[in-house]
């Protein structure tokens with residue numbers, strides 16, 4: 001995620017500066033860019049990262065305060081249940097973030113964005129805007145979706161492994 005965050009700023013860093021509409025006036029460009037991107041991908045992904053890390057952080061804070069050792073998590077059912085709940089909550093938050101990301105950004109960034117500028121009280125209602133580096137942005141969106149799916153799969157695998165260890169199907173090392 002850190003790697004993608006750094007790349008995200010390279011791809012999306014100054015997107016608003018290069019977003020241009022016809023007519024190329026500052027007020028039209030800003031209005032249309034805000035319509036095109038209600039939230040920037042960098043801000044969304046930073047919020048996603050923080051929100052998804054919260055359940056695990058709560059569990060680890062709880063474990064540190066109670067001086068729970070890692071091997072004790074599987075021994076006591078309340079610790080196991082709390083840990084599985086934190087992982088399950090992380091899955092739910094990832095799925096919600098995935099859905100929001102699809103709603104906000106879609107799967108493809110088009111080269112042309114048709115902007116409704118009727119609220120600016122102009123003589124025209126729709127204007128064309130050029131989206132810079134649309135192909136790179138599309139590739140980056142697909143990478144972010146892929147990493148989100150991989151994260152959810154790993155979380156499900158973690159719950160499965162802990163459940164199998166707890167039930168005695170796998171031996172604890």
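Backbone N, Cα and C atoms are what each Cβ position is placed from, and that goes for glycine too.
Because TrEMBL annotations are produced automatically, they should be read as predictions rather than curated entries.
Taken from TrEMBL, the feature domain 'Connexin cysteine-rich' applies to 93-162. Taking the domain 'Connexin cysteine-rich' (93-162) as a whole, pLDDT averages 90 in the prediction.
According to TrEMBL, the feature transmembrane segment maps to 43-62 (among others). Remote same-chain partners of the transmembrane segment (43-62), defined as residues 6 or more beyond its termini with a Cβ less than 8 Å from a stretch Cβ, comprise 1, 4-5, 8, 68, 82-83, 85-87, 89-90, 93-94, 97, 100-101, 104-105, 144, 151.
Annotation comment: TrEMBL describes 82-102 (among others) as transmembrane segment.
Taken from TrEMBL, the feature transmembrane segment applies to 139-160 (among others).
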